[in-house]
(Lines of atoms letter the chains of each structure in order from A and count residues from 1; the text may use other names and numbers.)
(Lines give C-alpha, C1' and ligand atoms only; values in the text may rest on other atoms or scores of the structure.)
Protein backbone atom coordinates (compact mmCIF):
# COMPACT_ATOMS: atom_id res chain seq x y z
CA UNK A 1 0.00 0.00 0.00
CA UNK A 2 1.62 3.34 -0.90
CA UNK A 3 2.21 5.40 2.24
CA UNK A 4 0.50 8.81 2.08
CA UNK A 5 -3.28 9.15 2.11
CA UNK A 6 -3.27 11.95 -0.43
CA UNK A 7 -1.10 9.91 -2.72
CA UNK A 8 -1.67 6.92 -4.80
CA UNK A 9 -3.96 5.16 -6.93
CA UNK A 10 -5.17 4.79 -10.07
CA UNK A 11 -6.43 5.25 -13.28
CA UNK A 12 -8.27 5.38 -16.30
CA UNK A 13 -8.03 6.20 -19.95
CA UNK A 14 -11.41 5.76 -21.58
CA UNK A 15 -13.09 4.11 -24.26
CA UNK A 16 -16.05 3.95 -26.45
CA UNK A 17 -19.62 3.02 -25.95
CA UNK A 18 -21.12 -0.32 -26.86
CA UNK A 19 -22.46 1.19 -30.08
CA UNK A 20 -21.97 4.50 -31.83
CA UNK A 21 -24.18 7.14 -30.29
CA UNK A 22 -27.04 8.52 -32.29
CA UNK A 23 -29.96 10.70 -31.36
CA UNK A 24 -32.17 8.26 -33.24
CA UNK A 25 -31.01 4.81 -32.27
CA UNK A 26 -34.19 2.83 -32.84
CA UNK A 27 -32.79 0.74 -35.68
CA UNK A 28 -30.63 -2.22 -34.56
CA UNK A 29 -26.93 -1.72 -34.99
CA UNK A 30 -24.11 -4.23 -34.97
CA UNK A 31 -22.40 -4.24 -31.58
CA UNK A 32 -19.02 -2.54 -31.56
CA UNK A 33 -16.11 -4.24 -29.88
CA UNK A 34 -15.64 -2.95 -26.33
CA UNK A 35 -12.59 -0.81 -25.66
CA UNK A 36 -9.95 -1.85 -23.15
CA UNK A 37 -7.94 0.90 -21.47
CA UNK A 38 -5.25 0.86 -18.76
CA UNK A 39 -5.76 2.23 -15.26
CA UNK A 40 -2.83 4.28 -14.04
CA UNK A 41 -1.89 5.84 -10.70
CA UNK A 42 -3.02 9.42 -10.22
CA UNK A 43 -2.85 11.70 -7.21
CA UNK A 44 -5.51 14.33 -6.50
CA UNK A 45 -5.03 16.82 -3.64
CA UNK A 46 -7.63 17.16 -0.91
CA UNK A 47 -9.92 20.15 -1.34
CA UNK A 48 -9.23 20.49 -5.06
CA UNK A 49 -12.49 19.15 -6.48
CA UNK A 50 -16.07 20.35 -6.18
CA UNK A 51 -18.48 17.78 -4.83
CA UNK A 52 -22.26 17.38 -4.59
CA UNK A 53 -23.63 18.25 -1.11
CA UNK A 54 -24.35 14.57 -0.41
CA UNK A 55 -20.69 13.59 -0.82
CA UNK A 56 -18.06 13.16 1.87
CA UNK A 57 -15.84 16.17 2.38
CA UNK A 58 -12.74 14.01 1.78
CA UNK A 59 -14.45 12.18 -1.07
CA UNK A 60 -11.72 12.66 -3.68
CA UNK A 61 -8.47 12.33 -1.69
CA UNK A 62 -7.51 9.43 -3.95
CA UNK A 63 -9.34 9.22 -7.23
CA UNK A 64 -9.77 7.27 -10.43
CA UNK A 65 -9.19 9.47 -13.45
CA UNK A 66 -9.88 9.17 -17.16
CA UNK A 67 -8.36 11.05 -20.09
CA UNK A 68 -10.69 12.34 -22.81
CA UNK A 69 -10.60 14.75 -25.73
CA UNK A 70 -13.32 17.44 -25.67
CA UNK A 71 -14.28 20.14 -28.17
CA UNK A 72 -13.35 21.03 -31.74
CA UNK A 73 -10.42 21.00 -32.25
CA UNK A 74 -10.06 18.43 -29.44
CA UNK A 75 -8.55 19.43 -26.11
CA UNK A 76 -7.13 16.71 -23.86
CA UNK A 77 -8.54 16.77 -20.31
CA UNK A 78 -8.18 14.50 -17.27
CA UNK A 79 -11.38 13.78 -15.34
CA UNK A 80 -12.23 11.88 -12.16
CA UNK A 81 -14.32 8.79 -12.95
CA UNK A 82 -17.16 8.75 -10.40
CA UNK A 83 -19.98 6.20 -10.36
CA UNK A 84 -21.51 8.12 -7.44
CA UNK A 85 -22.06 11.41 -9.29
CA UNK A 86 -24.31 12.50 -12.13
CA UNK A 87 -23.28 15.79 -13.69
CA UNK A 88 -19.91 15.80 -15.44
CA UNK A 89 -18.00 19.05 -15.17
CA UNK A 90 -14.88 20.67 -16.58
CA UNK A 91 -12.79 23.47 -15.16
CA UNK A 92 -13.20 26.15 -17.80
CA UNK A 93 -10.40 28.69 -18.19
CA UNK A 94 -11.49 32.36 -18.31
CA UNK A 95 -10.72 33.98 -21.65
CA UNK A 96 -7.95 36.10 -20.15
CA UNK A 97 -6.14 32.95 -18.94
CA UNK A 98 -6.50 30.82 -22.02
CA UNK A 99 -2.91 31.35 -23.10
CA UNK A 100 -1.42 31.00 -19.61
CA UNK A 101 0.32 27.97 -18.15
CA UNK A 102 -2.13 28.08 -15.22
CA UNK A 103 -4.88 27.19 -17.67
CA UNK A 104 -2.99 24.28 -19.24
CA UNK A 105 -5.17 21.68 -17.50
CA UNK A 106 -8.40 23.61 -18.07
CA UNK A 107 -10.91 23.34 -20.86
CA UNK A 108 -10.94 26.44 -23.10
CA UNK A 109 -14.52 26.90 -24.32
CA UNK A 110 -13.72 29.87 -26.57
CA UNK A 111 -11.24 27.70 -28.46
CA UNK A 112 -13.91 25.10 -29.32
CA UNK A 113 -16.14 25.65 -32.36
CA UNK A 114 -18.69 23.13 -31.03
CA UNK A 115 -19.11 24.57 -27.50
CA UNK A 116 -22.63 25.82 -26.70
CA UNK A 117 -24.26 27.20 -23.56
CA UNK A 118 -27.55 25.56 -22.54
CA UNK A 119 -30.52 27.99 -22.55
CA UNK A 120 -32.90 28.22 -19.61
CA UNK A 121 -35.82 26.77 -21.54
CA UNK A 122 -34.09 23.48 -22.39
CA UNK A 123 -35.10 20.13 -20.90
CA UNK A 124 -31.56 19.74 -19.51
CA UNK A 125 -32.05 22.88 -17.42
CA UNK A 126 -35.17 21.32 -15.89
CA UNK A 127 -33.39 18.24 -14.47
CA UNK A 128 -34.39 17.35 -10.92
CA UNK A 129 -31.93 14.47 -10.47
CA UNK A 130 -29.13 16.77 -9.31
CA UNK A 131 -28.68 17.53 -5.57
CA UNK A 132 -28.83 21.25 -6.43
CA UNK A 133 -31.20 21.74 -9.41
CA UNK A 134 -30.02 24.02 -12.24
CA UNK A 135 -31.11 27.67 -12.13
CA UNK A 136 -31.66 30.37 -14.73
CA UNK A 137 -29.47 33.45 -15.13
CA UNK A 138 -32.06 36.16 -15.74
CA UNK A 139 -29.63 38.46 -17.52
CA UNK A 140 -28.24 35.96 -20.06
CA UNK A 141 -31.14 33.44 -20.07
CA UNK A 142 -28.54 30.71 -19.75
CA UNK A 143 -28.69 27.73 -17.42
CA UNK A 144 -26.47 27.73 -14.33
CA UNK A 145 -25.30 24.86 -12.09
CA UNK A 146 -23.76 24.89 -8.61
CA UNK A 147 -21.39 22.56 -6.78
CA UNK A 148 -20.04 22.66 -3.23
CA UNK A 149 -16.34 22.39 -2.43
CA UNK A 150 -14.54 20.18 0.05
CA UNK A 151 -13.67 23.21 2.20
CA UNK A 152 -17.33 24.25 2.39
CA UNK A 153 -17.16 27.08 -0.15
CA UNK A 154 -19.30 27.11 -3.29
CA UNK A 155 -18.69 27.30 -7.01
CA UNK A 156 -21.05 27.74 -9.91
CA UNK A 157 -20.81 27.69 -13.65
CA UNK A 158 -22.73 27.39 -16.87
CA UNK A 159 -24.48 24.26 -18.05
CA UNK A 160 -23.07 23.66 -21.54
CA UNK A 161 -22.66 21.05 -24.25
CA UNK A 162 -19.74 20.03 -26.44
CA UNK A 163 -18.47 16.96 -28.24
CA UNK A 164 -16.56 14.27 -26.35
CA UNK A 165 -14.22 11.99 -28.33
CA UNK A 166 -14.53 8.49 -26.89
CA UNK A 167 -12.18 6.06 -28.56
CA UNK A 168 -12.79 5.86 -32.30
CA UNK A 169 -16.60 6.11 -32.04
CA UNK A 170 -18.36 9.16 -33.53
CA UNK A 171 -18.03 12.17 -31.19
CA UNK A 172 -20.74 12.37 -28.55
CA UNK A 173 -22.40 15.70 -27.77
CA UNK A 174 -22.85 15.75 -24.01
CA UNK A 175 -24.02 18.24 -21.40
CA UNK A 176 -21.63 19.19 -18.57
CA UNK A 177 -20.94 21.94 -16.07
CA UNK A 178 -18.44 24.53 -17.31
CA UNK A 179 -17.04 25.63 -13.93
CA UNK A 180 -15.11 28.86 -13.48
CA UNK A 181 -13.26 28.15 -10.21
CA UNK A 182 -9.55 27.27 -10.31
CA UNK A 183 -7.61 24.94 -8.02
CA UNK A 184 -4.09 23.60 -7.57
CA UNK A 185 -2.81 20.69 -9.62
CA UNK A 186 -1.68 17.50 -7.92
CA UNK A 187 1.84 17.22 -6.45
CA UNK A 188 2.95 14.76 -9.14
CA UNK A 189 2.19 17.33 -11.81
CA UNK A 190 -0.96 15.68 -13.14
CA UNK A 191 -3.74 18.26 -13.09
CA UNK A 192 -7.33 17.10 -13.01
CA UNK A 193 -9.61 19.22 -15.14
CA UNK A 194 -12.97 17.81 -14.10
CA UNK A 195 -15.24 14.94 -13.18
CA UNK A 196 -17.02 12.35 -15.33
CA UNK A 197 -20.39 11.50 -13.78
CA UNK A 198 -21.19 7.79 -14.27
CA UNK A 199 -24.34 7.14 -12.22
CA UNK A 200 -27.79 6.45 -13.69
CA UNK A 201 -29.13 10.02 -13.73
CA UNK A 202 -30.41 11.64 -16.92
CA UNK A 203 -27.42 14.01 -17.19
CA UNK A 204 -24.72 11.43 -16.44
CA UNK A 205 -22.22 10.48 -19.11
CA UNK A 206 -23.53 6.90 -19.00
CA UNK A 207 -27.08 8.02 -19.81
CA UNK A 208 -26.16 10.58 -22.46
CA UNK A 209 -23.89 8.08 -24.22
CA UNK A 210 -26.51 5.29 -24.01
CA UNK A 211 -23.89 3.05 -22.39
CA UNK A 212 -25.55 -0.06 -20.99
CA UNK A 213 -22.52 -1.88 -19.59
CA UNK A 214 -19.09 -0.96 -18.31
CA UNK A 215 -16.60 -2.57 -15.96
CA UNK A 216 -13.18 -2.12 -14.40
CA UNK A 217 -10.48 -3.76 -12.33
CA UNK A 218 -8.60 -1.51 -9.91
CA UNK A 219 -5.06 -2.73 -9.35
CA UNK A 220 -2.95 -2.58 -6.20
CA UNK A 221 -0.07 -1.74 -8.54
CA UNK A 222 0.39 1.56 -10.34
CA UNK A 223 -0.02 0.45 -13.93
CA UNK A 224 -1.86 -2.87 -14.09
CA UNK A 225 -5.54 -1.91 -13.87
CA UNK A 226 -8.05 -2.03 -16.72
CA UNK A 227 -11.28 -0.30 -17.74
CA UNK A 228 -13.73 -1.83 -20.22
CA UNK A 229 -16.62 0.13 -21.70
CA UNK A 230 -19.23 -1.66 -23.77
CA UNK A 231 -20.78 -5.09 -24.17
CA UNK A 232 -18.58 -8.14 -23.97
CA UNK A 233 -18.98 -11.80 -23.08
CA UNK A 234 -16.21 -12.00 -20.52
CA UNK A 235 -13.85 -15.01 -20.76
CA UNK A 236 -14.03 -18.02 -18.40
CA UNK A 237 -11.24 -16.71 -16.17
CA UNK A 238 -13.68 -13.98 -15.04
CA UNK A 239 -16.63 -15.93 -13.57
CA UNK A 240 -18.79 -13.07 -12.34
CA UNK A 241 -21.26 -13.48 -9.50
CA UNK A 242 -24.13 -11.03 -9.89
CA UNK A 243 -26.19 -9.16 -7.33
CA UNK A 244 -29.27 -7.21 -8.42
CA UNK A 245 -29.47 -3.45 -8.28
CA UNK A 246 -31.94 -2.46 -5.59
CA UNK A 247 -34.72 0.04 -6.19
CA UNK A 248 -37.69 0.66 -3.87
CA UNK A 249 -41.13 0.57 -5.43
CA UNK A 250 -41.90 4.16 -4.40
CA UNK A 251 -39.69 7.28 -4.24
CA UNK A 252 -38.27 7.78 -0.74
CA UNK A 253 -36.82 11.09 0.50
CA UNK A 254 -33.37 9.79 1.51
CA UNK A 255 -32.90 7.12 -1.16
CA UNK A 256 -30.63 8.02 -4.07
CA UNK A 257 -32.49 6.42 -7.00
CA UNK A 258 -29.72 7.04 -9.54
CA UNK A 259 -26.94 5.44 -7.46
CA UNK A 260 -25.73 1.86 -7.98
CA UNK A 261 -27.48 0.40 -4.92
CA UNK A 262 -27.25 -3.26 -3.88
CA UNK A 263 -28.63 -5.29 -0.98
CA UNK A 264 -26.18 -5.87 1.89
CA UNK A 265 -27.28 -9.05 3.67
CA UNK A 266 -24.51 -9.63 6.19
CA UNK A 267 -20.87 -9.16 7.26
CA UNK A 268 -18.32 -11.79 8.31
CA UNK A 269 -15.01 -11.29 10.12
CA UNK A 270 -12.57 -14.18 9.81
CA UNK A 271 -15.47 -16.35 8.66
CA UNK A 272 -17.62 -15.47 11.70
CA UNK A 273 -20.99 -13.83 10.91
CA UNK A 274 -21.62 -10.63 12.82
CA UNK A 275 -24.86 -10.51 14.87
CA UNK A 276 -26.42 -7.66 12.88
CA UNK A 277 -30.23 -7.66 12.41
CA UNK A 278 -31.35 -7.63 8.78
CA UNK A 279 -33.28 -4.42 9.46
CA UNK A 280 -30.00 -2.61 10.24
CA UNK A 281 -28.58 -3.47 6.82
CA UNK A 282 -31.68 -2.52 4.79
CA UNK A 283 -33.04 0.93 3.91
CA UNK A 284 -35.68 2.18 6.36
CA UNK A 285 -39.06 3.72 5.53
CA UNK A 286 -37.36 7.02 4.57
CA UNK A 287 -34.80 5.37 2.25
CA UNK A 288 -31.86 5.96 4.60
CA UNK A 289 -29.52 3.00 4.84
CA UNK A 290 -29.08 2.01 1.20
CA UNK A 291 -25.79 0.38 0.12
CA UNK A 292 -24.00 2.13 -2.78
CA UNK A 293 -21.05 0.98 -4.91
CA UNK A 294 -19.07 4.18 -5.51
CA UNK A 295 -15.80 4.50 -7.46
CA UNK A 296 -15.49 8.10 -6.29
CA UNK A 297 -15.23 7.33 -2.56
CA UNK A 298 -11.93 6.02 -1.28
CA UNK A 299 -12.83 3.80 1.68
CA UNK A 300 -15.94 1.93 2.83
CA UNK A 301 -18.44 3.32 5.34
CA UNK A 302 -20.90 1.38 7.51
CA UNK A 303 -23.78 2.83 9.51
CA UNK A 304 -23.24 2.99 13.26
CA UNK A 305 -24.70 -0.31 14.53
CA UNK A 306 -23.01 -2.37 11.80
CA UNK A 307 -19.73 -0.51 12.30
CA UNK A 308 -19.79 -1.10 16.07
CA UNK A 309 -20.27 -4.83 15.55
CA UNK A 310 -17.40 -4.94 13.04
CA UNK A 311 -15.11 -2.91 15.30
CA UNK A 312 -15.72 -5.12 18.33
CA UNK A 313 -15.12 -8.39 16.46
CA UNK A 314 -12.06 -7.10 14.57
CA UNK A 315 -10.45 -5.87 17.81
CA UNK A 316 -11.19 -9.23 19.44
CA UNK A 317 -9.73 -11.35 16.65
CA UNK A 318 -6.62 -9.16 16.15
CA UNK A 319 -5.72 -8.79 19.83
CA UNK A 320 -2.94 -11.43 19.61
CA UNK A 321 -1.22 -9.73 16.64
CA UNK A 322 -2.02 -5.99 16.85
CA UNK A 323 -1.73 -3.39 19.61
CA UNK A 324 -4.85 -1.24 19.80
CA UNK A 325 -4.22 2.52 19.79
CA UNK A 326 -6.32 3.00 22.90
CA UNK A 327 -7.01 6.69 22.29
CA UNK A 328 -10.77 7.39 22.46
CA UNK A 329 -10.22 10.96 21.21
CA UNK A 330 -8.51 9.96 17.95
CA UNK A 331 -10.40 9.35 14.72
CA UNK A 332 -8.60 9.41 11.38
CA UNK A 333 -10.51 11.72 9.00
CA UNK A 334 -13.11 12.00 11.79
CA UNK A 335 -14.63 8.63 10.86
CA UNK A 336 -11.97 5.88 11.32
CA UNK A 337 -11.42 5.09 14.99
CA UNK A 338 -10.47 1.39 14.90
CA UNK A 339 -6.75 2.09 15.01
CA UNK A 340 -3.54 0.36 16.02
CA UNK A 341 0.10 1.01 16.90
CA UNK A 342 2.67 -0.62 14.62
CA UNK A 343 6.45 -0.19 15.12
CA UNK A 344 7.79 2.48 12.78
CA UNK A 345 9.40 1.12 9.64
CA UNK A 346 7.51 -2.16 9.81
CA UNK A 347 4.33 -3.15 7.99
CA UNK A 348 1.44 -4.62 9.96
CA UNK A 349 1.12 -8.43 9.92
CA UNK A 350 -1.38 -8.35 7.06
CA UNK A 351 -1.28 -12.09 6.36
CA UNK A 352 -2.42 -12.83 9.93
CA UNK A 353 -5.41 -10.47 9.92
CA UNK A 354 -8.97 -11.79 9.55
CA UNK A 355 -10.69 -11.05 6.26
CA UNK A 356 -13.83 -8.92 6.30
CA UNK A 357 -16.50 -10.17 3.89
CA UNK A 358 -19.52 -8.19 2.70
CA UNK A 359 -22.37 -10.52 1.72
CA UNK A 360 -24.86 -9.58 -0.99
CA UNK A 361 -27.68 -11.43 -2.67
CA UNK A 362 -25.81 -13.75 -5.06
CA UNK A 363 -22.33 -12.26 -4.55
CA UNK A 364 -19.64 -11.54 -1.96
CA UNK A 365 -16.80 -9.04 -1.57
CA UNK A 366 -13.84 -10.06 0.61
CA UNK A 367 -11.40 -7.49 2.00
CA UNK A 368 -8.14 -9.01 3.20
CA UNK A 369 -4.40 -8.44 3.63
CA UNK A 370 -3.00 -5.01 2.83
CA UNK A 371 -6.42 -3.53 2.10
CA UNK A 372 -7.57 -3.86 5.72
CA UNK A 373 -5.31 -1.24 7.31
CA UNK A 374 -4.13 2.21 6.19
CA UNK A 375 -1.21 4.14 7.64
CA UNK A 376 -2.18 7.56 8.97
CA UNK A 377 0.25 10.11 7.43
CA UNK A 378 2.36 11.94 9.99
CA UNK A 379 0.75 10.31 13.04
CA UNK A 380 3.14 8.80 15.62
CA UNK A 381 2.89 7.40 19.14
CA UNK A 382 6.42 7.22 20.48
CA UNK A 383 8.30 4.92 18.13
CA UNK A 384 5.12 3.57 16.57
CA UNK A 385 3.13 4.55 13.52
CA UNK A 386 -0.67 4.62 13.57
CA UNK A 387 -2.68 2.36 11.24
CA UNK A 388 -6.48 2.32 11.02
CA UNK A 389 -9.06 -0.13 9.75
CA UNK A 390 -10.25 0.98 6.30
CA UNK A 391 -13.92 0.75 7.29
CA UNK A 392 -15.32 4.02 8.65
CA UNK A 393 -18.28 4.92 10.84
CA UNK A 394 -20.83 6.62 8.58
CA UNK A 395 -22.61 8.11 11.61
CA UNK A 396 -19.50 10.16 12.43
CA UNK A 397 -19.39 11.82 8.97
CA UNK A 398 -22.44 12.01 9.11
CA UNK A 399 -23.70 9.90 6.23
CA UNK A 400 -27.05 8.08 5.92
CA UNK A 401 -25.91 5.22 3.67
CA UNK A 402 -23.48 2.33 3.40
CA UNK A 403 -20.83 3.22 0.80
CA UNK A 404 -18.39 0.72 -0.76
CA UNK A 405 -15.32 2.66 -1.87
CA UNK A 406 -12.73 1.90 -4.54
CA UNK A 407 -10.02 0.89 -2.03
CA UNK A 408 -12.03 -2.26 -1.33
CA UNK A 409 -12.60 -2.89 -5.02
CA UNK A 410 -8.90 -3.55 -5.70
CA UNK A 411 -8.16 -6.77 -7.61
CA UNK A 412 -11.86 -7.26 -8.11
CA UNK A 413 -13.58 -7.19 -11.48
CA UNK A 414 -16.65 -4.96 -11.11
CA UNK A 415 -19.25 -4.87 -13.89
CA UNK A 416 -22.21 -2.47 -14.06
CA UNK A 417 -24.87 -4.14 -16.22
CA UNK A 418 -27.68 -1.63 -16.70
CA UNK A 419 -29.60 -3.75 -19.21
CA UNK A 420 -30.20 -6.49 -16.65
CA UNK A 421 -30.11 -4.26 -13.56
CA UNK A 422 -27.21 -5.92 -11.78
CA UNK A 423 -23.62 -5.58 -10.58
CA UNK A 424 -21.14 -8.41 -11.19
CA UNK A 425 -18.13 -9.20 -8.96
CA UNK A 426 -15.18 -11.54 -9.48
CA UNK A 427 -11.85 -11.60 -7.60
CA UNK A 428 -8.96 -11.47 -10.08
CA UNK A 429 -5.40 -10.18 -10.30
CA UNK A 430 -5.76 -7.07 -12.40
CA UNK A 431 -2.40 -7.42 -14.12
CA UNK A 432 -3.44 -10.90 -15.35
CA UNK A 433 -6.88 -9.67 -16.45
CA UNK A 434 -5.39 -6.66 -18.22
CA UNK A 435 -2.89 -8.77 -20.15
CA UNK A 436 -5.33 -11.50 -21.16
CA UNK A 437 -8.14 -9.11 -22.12
CA UNK A 438 -5.71 -7.14 -24.27
CA UNK A 439 -5.01 -10.29 -26.23
CA UNK A 440 -8.62 -11.44 -26.50
CA UNK A 441 -10.54 -8.27 -27.43
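Numbering starts at 1 and runs along the chain as displayed.
Heads up, the Cβ atoms here are built off N, Cα and C, so glycines get one too.
Taken from TrEMBL, the feature signal peptide applies to 1-18.
TrEMBL lists 64-426 with the feature domain 'Peptidase A1'. Looking at the domain 'Peptidase A1' (64-426) alone, the prediction's average pLDDT is 88.
Residues or ranges marked as active site by TrEMBL: 82 (among others).
Around residue 294 (active site), the C-beta neighbours below 8 angstroms that are at least 6 residues distant in the chain are 82, 83, 84, 259, 260, 403, 404, 405, 406. Marked as active site by TrEMBL: 294 (among others).
Other Cβ atoms within 10 Å of the Cβ of residue 82 (active site), summed over all protein chains shown, number 30.
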